[in-house]
C-alpha cells in the first residue's frame, strides 16, 4: 500500500494549511493541469477579471470630505495646489498597491494579520481605533448625501441622514448577487461623478494652461496655502481603505504559483492606477470649478464671503447663483453619488474589520445593520441638534480623527508587506521598503503636524476662559505623548508570528513547476487560491 505524503496547500478560509494526499495524484492529473495552464485566458481578459477593487478603493479619494477640501483649496488658491493632488494620488497608489499585495500574497487581509500578530490588548486597541476610523470616515459621507438630498428635494438634513442609512442597506443587498455586481454599481457612480463635474467644467471653461501649471509647477503662495496643502494630503489616505483593499483582492481566484501571484499583483496595480487616475481627474475638476467661479471679476461681496468659507452646502448656492440652476443640480447629483457610494464602501470595510479582528460571524443583513447604526448615529444627533451648520463642523472634526487614526493602520501595513514572515519571497524589495517607509512616515508626520498645529491654534484663539484652556491642555498633552509612544511601539516592535507557508523544496520538479506557474503538486481544482468566499458571505454560527 502506497505511503501517504502530506503537502501543505493554501485554502480559501482563514486557516490556509491542510493536508493533500499526493499518492493519488498521477501523471494524468499533471498533464491536465499543464493543459489548463496553457489554456489560460489572454492577458487582457485575465486583467478584466481583476477589475473592481480599485474603483471601490478610489471612492476614499472622492468622498464628500475630499470634495469640501478640494472646493476650498480651489476657492482660496485657484489652481495652484493641483500639484499637491497629483503627488498625493501617486502616494496613494503606492500605499494601496502594498495593501493589495499583502492580501494576494498572504491569503489574509490586514485585520486578520493584525489579530494574529499582536498581543490581545494591542489587538483590541487596534480594532477599536479601526472602528472609530470607519465611523469618522462615514460622517462626511452621510452628511454629504443628506446635503445632496436637501439641495435636490428640500429634505431636512436629519431626514436625509436616515434615508442615507436605509438606502445603503438596500444597495448592500446586492452582495447576495456577488461582489462583482456591487463593484459595477460603484464604478457607475464614479463615472456619474466624473460626468457631473466635467459638465460643470464645460460651463466655467477654466484655462487649460493655468491648470497644467498648477499640476506640474509646485507653489505655496498666498495666505493659508501650506495649511490647505496639508489638509489636501491628509484627506487622501484613509485608514479603513487599507483594510478594505487587502480584503477585496481576496474575492478573486488567483493561481498559487509565484508567477500567478506576481501577475495578480501587477494586474491589481494597473487596475488601481486606472481607478485613481479617474479619481485624480475628478479632483482636478472640483478644484477647477471652484477656482474659476471664485476668481470671477465683479463677484458680489456675498458670494466672496461664501468663497472664503466654502462648505458642501454653501457651494451649491454659489454655483446656482453664478452658473444657474443646472450648475447647482449637477453639483448635487455628483455629491449624492459621492456620498452614497462612499457609505457603501465604508460599511463594507467595517464588515471586514469586525470579522477580521474579532472573528465575529453573523448574517450579512445583521452585520450591515449594526455597522450602519453605529456609523450614522453621530451624524443624526448633530444634524438634529445643530442643523446644517453643526453637520458641516462635524465633517472637520471627522477629518481630524482620520488623521489621528492613520498610523495605526499604515504602520502595520508597511511592516507586514516588508516582512518575510508574512510575505515570504513576495516581500517588498529594499528600494520599495525605503520608499514606502519614507512615504508613510512623511504622511504620518504631515498628519501629526496638522493635528498639533490645529489644536494649538484652537487654544490660542479659543473664546473659552483661560482656566478652561489650561485644563484642556493638561488633559490633551499627555494623550498626545501616549499617541507618539504608541506609534513608536508599532514601528519598533519585531514581528514574531510566521504566517507565510513555504512551498515544498523536496521535489525539484514540483519546485520548478511552482516557479513557472505549473504547480504539479496540486490538482487543477485546488489551484485557485487565495480565494476567500467567506469574505462575501459570513454565515451565522449554528
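Using N, Cα and C of the backbone, Cβ positions are placed for all residues, glycine too.
Computed from a predicted structure; not experimentally measured.
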Transmembrane segment per TrEMBL - which of 11-28, 155-172: 155-172
Annotated range (TrEMBL: transmembrane segment) out of 329-349, 497-517: 329-349
Recorded stretch that, among 44-62, 82-104, 265-289, 329-349, 369-388, has the most CB pairs under 8 Å to the transmembrane segment (155-172): 369-388
Contact call for the transmembrane segment (44-62) against the transmembrane segment (224-244), three or more Cβ pairs under 8 Å: yes
Beyond the flanks of the transmembrane segment (329-349) by at least 6 residues, Cβ under 8 Å: 56-57, 59-60, 62-64, 67, 134, 137-138, 140-149, 151-152, 164, 167-168, 171-172, 182, 185-186, 189-190, 192-193, 196-197, 199-200, 240-241, 243-244, 312, 315-316, 319, 368, 371-372, 375
Cβ pairs under 8 Å between the transmembrane segment (82-104) and the transmembrane segment (265-289), at least three: yes
